[in-house]
Amino acid sequence: MAKRTDIKKIMVIGSGPIVIGQAAEFDYAGTQACLALKEEGYQVVLVNSNPATIMTDKEVADKVYIEPLTLAFVSRILRKERPDALLPTLGGQTGLNLAMELSKAGILQELGVELLGTPLSAIDQAEDRDLFKQLMKELGEPIPESEIVTTVEGAISFANAIGYPVIVRPAFTLGGTGGGICTNEEALRDIVENGLKLSPVTQCLIERSIAGFKEIEYEVMRDAADNALVVCSMENFDPVGIHTGDSIVFAPTQTLSDVENQLLRDASLRIIRALKIEGGCNVQLALDPNSFSYYVIEVNPRVSRSSALASKATGYPIAKIAAKIAVGLRLDDMLNPVTGTTYAMFEPALDYVVAKLPRFPFDKFEQGERRLGTQMKATGEVMAIGRRIEECLLKACRSLEIGVDHNELKGLDTVSDHELVAHIVRAQDDRLFYLSEALRRGYSIEELAGLTKIDLFFLDKLRHIVELEQELVKKPVDIDLLTEAKRYGFSDQKIAELWQTDAASIRRLRRAYRVLPVYKMVDTCAAEFDSQTPYFYSTYEWENESIKSEKESVIVLGSGPIRIGQGVEFDYATVHSVKAIQAAGYEAIIMNSNPETVSTDFSISDKLYFEPLTFEEVMNVIELEQPKGVILQFGGQTAINLAEQLTKAGVPILGTQLEDLDRAEDRKLFEKALKDLGIPQPPGKTATNEAEALEAARAIGFPVLVRPSYVLGGRAMEIVENEDDLRSYMKTAVKASPEHPVLIDSYILGKECEVDAISDGQSVLIPGIMEHIERAGVHSGDSMAVYPPQHLSKQVQDKIVDYTKRLAIGLNCIGMMNIQFVIQNEQVYVIEVNPRASRTVPFLSKVTNIPMAQVATKLILDQTLKDLGYQDGLYPESSLVHIKAPVFSFAKLAKVDSLLGPEMKSTGEVMGSDLTLEKALYKAFEASYLHMPEYGTIVFTIADDHKPEALALARRFSAIGYQVMATEGTAAFFADQGLDSQLVGKIGGNAHDIPALLRKGQIQAIINTVGAKRVADQDGQVIRSSAIEQGVPLFTALDTAAAMLRVLESRTFSIEAI
């Protein structure tokens, strides 16, 4: 069947904001697909609500709509654009669910829009638990005994019949949302009640738990002519029972016999054929380690997180091929873009091993529930490639950026045996490190396999690493052993530790004895055919396949795994920087370790090195490539943290230099710079111990804002009210030291705003000023930002522009910088300066049409703003109002408090744009899934300091028809001021307390603030987590609630009696 000529215009749905379970892999898939469809000559219309994506750039599609991914908005765009077809399989669960809604609402039929790729029947059969069960029965594929339930009672009677443990899986949800393993009736009641609420079709599957089986995944493709192939097989290190997104994964499978592999492979191909999927599909299976029996766990009839991993692991571009299949091309028509000679029908073969490790947010959320289960918790992932399992596993550990350079966590050697075993049995995010510690203590791999059901093969690899450590201790400075340790992935740092020397000495020793890495190509065909991909990984072998080109090159360091505080925004900037390097006539080389992103798509750069972003690995590439220099500005804190070591090693850093980076990051130098430039900042001091901290706080006066120096995303940042709180902060939150002092600032309660500026050293371009809706005290990444500013006087804006120019020139900034200001009584103070690209770059680039990262890169490569046609100063404002709103993943993270403060908690962002502030706010709230009806009940439970302000909001809510409920203290205050409210209990287990009313669906929103004292308020935390569980809008900052109120008021007609 040939390419379809009866369709001209295709709409692609993106996946919206990044949340746990749906991250940057969909930006990668969507970008690939849009470009592939344009390549085939189709007109592409893209809809996505997330501005921090490459796919929402104007060059990627013919028309780009950054609008909420809701039925109402997408229907309007469909009516306006009238596309011939819709491709929903690249937008994750969001895209699939929207396609189902559009179909059920009759919109697709009304407009004659055809669904491409996966038929609706297949989405239904794969996602609807009942239909899936029927299909598997017809195919004779075994699935665990299960029952579809729509009530809690139904679940309990089925569990009693088959016995516990059972697994609960809500239908049509993402990343295991609302699911879990239940070992008793009480747990089952809780999980099913919640799961039924979260499932859009109020349906849960209760199934026999097969926890402990091997979890195997196959990434399969099929075309309309029924050609099908397996792109990649993957094996989870962790057995069934832990969500695959939270598991360590190896590709290809490592422990299956040929018979087992063929058995599961055939089952996967039978399933994709039966579902008639045209495109990519992911099949998850459970294999009994002691027999040939297996079960089908689930099928994702779309591009997924696993397909991004499979694409990067094999070099086979799944999303690109899936998009072309959707328009009628066949696998045996298309050339494999990697080899250029073989066809896409040719199954990839790997002559290396790939390890994926999940990146968890528990460095940010120390109170979070770290136990792993069927609900996903990781925010991102890293991938490493090597010739041996030990090698790729250790490289992946280094890539995580959690302060480890080996499979070893500091401090575990002091943990008791009892605690060690408990940690190993109940898997947490750091189980790998506990397993390694147990092996160092002499536990046998058989004992550990008995406790964990992890295959002996994998545990034996961990044991081999431990044996090598012991050998190294016994034989210091043995060159043969050094070579062997490097072949198995040991870092110079780890070898230095075992030989009691420093990493630099090991590096010198290696170079003296020519123990150097070579770079191998990822070519999809195990070197069987000649391949053209510039995609490399390091290993300690003989033949080097990466040849330095004749052209002068520039290396850009990526930002590593996605985590809270360092998201896809930095990858966006990296990709744009590469475009500018190429446009300036240089060869662009990317180094990065994240398989989900666009930057690690090998077609983006001239060369891609898939490596950990550590000094050792970066230096190895620099020594081979001999670049003009390295750009660090776009890789977030990851890259900036390498500046000092690289500068000392004589590597040319392009853009802002180390001493100027230090002047922005080092407290004393920064204060001096501000003083010299005549720019005010909140009074502040530094402290290296508790006594100094108390002395500093007394001098400045409470409340103070405390934080460690050199961090991203406000990690361990707090507003402290009194001396007791400060003492506890110094004891628990930070390890202060002379090298890493704690910063203590006066906390100014004012309006916050921020600026991204681009400087060539002489002139400074300020694309725009963003005003935050939440006042100072809420992290800038968690605040709603408005552009252009709505409430800043001309005088304040002029002052911001003046200070920005002075800072950029005074700090010798070349390229990007981000400055945050706080404004109190028309006085402007600088809070912080980051001499690098920030997370607002994509948003501002979109709303001003300035490709900021490209402009900054051109300046770094010696052009001027004038050369590029930009004026000095503030760029003319847009006529529309644009809002950047944060999106959170609290529903996935039990025990994490959703109260907003100076520590960043959001995982993603959306954008809302319109002619007025109210309309833009409405879109931003809709896009971030904060939907409030036009009437209902709102609960106020407010701290004393905020009551007067909350009263004004309560009066306005009452005026538009909301019923106001309040907890005791708040209700009494309202009554004194003449406002009637209905009294509601906080938590007390009665039928009229907040959690009970939330469960009954009788509350539409909650406003809950905590006083400046931020006392450990257990009640408040229970109320907040109940609201999150029930999906009820929760506001912990009055400013956000006031913004929502403006929207509701703007949608309400006034009704007055005459």
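Heads up, the Cβ atoms here are built off N, Cα and C, so glycines get one too.
Since the structure is predicted, the reported quantities are computational estimates derived from the model, not experimental observations.
Among the candidates Glu114, Glu141, Glu298, the residue that Swiss-Prot annotates alongside Arg129, Arg169, Gly175, Gly176, Arg208, Ile210, Glu215, Gly241, Ile242, His243, Gln284 as binding ATP 1 is Glu298. Matching Arg707, Arg727, Arg806 to the ATP 2 binding residues that Swiss-Prot gives (Ser746, Ile748, Glu752, Gly777, Val778, His779, Ser780, Gln820, Glu832) identifies Arg707. In the shown protein chains, 24 other C-beta atoms lie within 10 A of the C-beta of Arg129 (ATP 1 binding site).
Residue pair His779 (ATP 2 binding site) / Gly175 (ATP 1 binding site) shows a Cα separation of 27 Å. Every protein chain shown contributes to the tally, and the Cβ of Glu298 (Mn(2+) 1 binding site) ends up with 17 other Cβ atoms within 10 Å.
Gly175 (ATP 1 binding site) sits 11 Å from Asn300 (Mg(2+) 2 binding site), taking the CA atoms of both as reference points.
Mapped onto DSSP classes, the domain 'MGS-like' (930-1058) shows 56 helix, 21 strand, 52 coil. When Cβ neighbours within 10 Å are tallied across all protein chains shown, the highest count among the binding-site residues Ile242, Ile748 belongs to Ile242. Cα of Gln284 (ATP 1 binding site) to Cα of Asn300 (Mg(2+) 2 binding site): a distance of 8 Å.
Counting in whole angstrom, Ile748 (ATP 2 binding site) lies 56 from Arg208 (ATP 1 binding site) by their C-alpha atoms. Separation of the C-alpha atoms of Asn300 (Mg(2+) 2 binding site) and Gly777 (ATP 2 binding site): 41 Å, rounded to the nearest whole number. If you compare Cα positions, Arg208 (ATP 1 binding site) sits closest to Arg707 out of the binding-site residues Arg707, Glu832, Asn834. Of the recorded residues, Glu832 (Mn(2+) 3 binding site) and Gly777 (ATP 2 binding site) place their C-alpha atoms 13 Å from one another.
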